[in-house]
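Sequence annotations record features per position, and here Swiss-Prot assigns N-myristoyl glycine to Gly2 based on sequence analysis. Positions annotated as S-palmitoyl cysteine by Swiss-Prot: Cys4. Taken from Swiss-Prot, the feature domain 'G-alpha' applies to 32-354, supported by sequence analysis. If you look up Swiss-Prot, you'll see 35-48 marked as region 'G1 motif', on the strength of sequence analysis. Feature annotation from Swiss-Prot assigns GTP binding site to 40-47, 176-182, 201-205, 270-273, Ala326; the stated evidence is similarity to another entry. As annotated by Swiss-Prot, Mg(2+) binding site applies to Ser47, Thr182. According to Swiss-Prot, the region 'G2 motif' annotation covers 174-182, on the basis of sequence analysis. The feature region 'G3 motif' is assigned by Swiss-Prot to 197-206. The region 'G4 motif' annotation in Swiss-Prot covers 266-273. For 324-329, the entry in Swiss-Prot reads region 'G5 motif'.
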Amino acid sequence: MGLCQSAEDKELTLKSKAIDKEMMANHMSQAKVVKLLLLGAGECGKSTVLKQMRILHDHGFTAEESEQQKSVVFNNTLQAMISILKGMESLRMTFDKPIRENDAKFVMEAHKMLQEAKVFPEELANALQALYSDKGIQTVMAKGNEFQMPESAPHFLGSLDRIKLPDYTPTEQDILLSRIKTTGIVEVKFQMKSVDFRVFDVGGQRSERKKWIHCFEDVNAIIFIAAISEYDQVLFEDETTNRMIESMRLFESICNSRWFINTSMILFLNKKDLFAEKIKRTSIKSAFPDYKGAQTYDESCRYIEEKFDGLNANPEKTIYMHQTCATDTDQVQMILDSVIDMIIQANLQGCGLY
């Protein structure tokens, strides 16, 4: 009788196998959904990285979305010149041609012209182009780190011949460089290598940060983006605080947060193209007075990497670092592919499936 399995035992065995099967199915399901959180201080390039993910993995932007971006490009173009004119005033600099004062006054009062505009107003475009060609304005733009000049200013102001055309449609590069403040949470979904990705971008300004941690403790990885080029710039919302130092403080708080102890941490040192140009003129000593190295890209970048790495209080946690240019689609694709492979592998290992 002891050799015979009772009906009750058989039923328990079948139930156990069913539970095991269900648990494995749940593991497989979890392994096939990866949540990524993009974090970083304001204007570091998070939204640009998210747009690149859409271009590379989510069929880009529809014709309707591109059309909607026109108003953003129009406003960014106008705001670029307004910020330069304000910078000119704060730096107490002047136009090369005094007649440009009339154009400046017109531009400063032109907001209403762009409301509901389907085509960039010709009169406004002419005024902006006249100002942009003025040597005084070009001199002010060369000092853009001393005031809040948008990094996209040269692109949009230099593209007015194209932007003012009646049939203008924003290019992918226009959309990548366009900026609107992120408030709340923006999500992009895509599939890669049979894995579903959900990527979240949240507001980077200080006022938005309280929304971060409690919502995202279950993410698989954090991509933290720091603008490496902003070592000599101050915050938009606090002009006494260095942007690089603020970014490092934020990175330290996220990296060592109890909510993210087991979360993979990936650091994008972004805007490396701007950093490469700026380092020729200005040393990183403006942010790091103790820096003793040469004023070169490689040494300066290595020092900043070491600074960020030193903020990690967990010796068992690896920070995966990449130098990036978020507006370069080819480079972003190569880095994202590498990052995503690493995340998929780590996720499968975490579920016991690798």
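Glycine is no exception: its Cβ is also placed from the backbone N, Cα and C atoms.
Projection of Swiss-Prot feature records onto the structure.
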{"residue": "Ser47", "record": "Mg(2+) binding site", "Cβ contacts under 8 Å, 6 or more apart": "Arg179, Thr182, Val186, Asp201"}
{"residue": "Leu176", "record": "GTP binding site", "Cβ contacts under 8 Å, 6 or more apart": "Thr48, Lys51, Gln52, Ile55, Ala326, Thr327, Thr329"}
{"residue": "Ile180", "record": "GTP binding site", "Cβ contacts under 8 Å, 6 or more apart": "Val72"}
{"residue": "Asn270", "record": "GTP binding site", "Cβ contacts under 8 Å, 6 or more apart": "Cys44, Gly45, Val49, Ile225, Ala226, Ala227, Ile228, Thr324, Cys325, Ala326"}
Legend entry - Region pair the region 'G2 motif' (174-182) / the region 'G4 motif' (266-273), three or more CB pairs under 8 Å: no
Inset, instruction - Sort out the residues at least 6 away from either end of the region 'G5 motif' (324-329), same chain, that have Cβ-Cβ distances under 8 Å to it, and list them. - result: 45, 48-49, 52, 55-56, 172-173, 176-177, 225, 268-273, 335
Legend entry - Counts by DSSP class (helix H/G/I, strand E/B, coil) across the region 'G4 motif' (266-273): 2 helix, 5 strand, 1 coil
Legend entry - Segment confidence, the region 'G3 motif' (197-206), expressed as mean pLDDT: 75
Legend entry - Of Cys44, Val202 (the binding-site residues), the residue whose Cβ has the fewest other Cβ atoms within 10 Å: Val202
Legend entry - Count of other CB atoms lying within 10 Å of the CB belonging to Thr182 (Mg(2+) binding site): 19
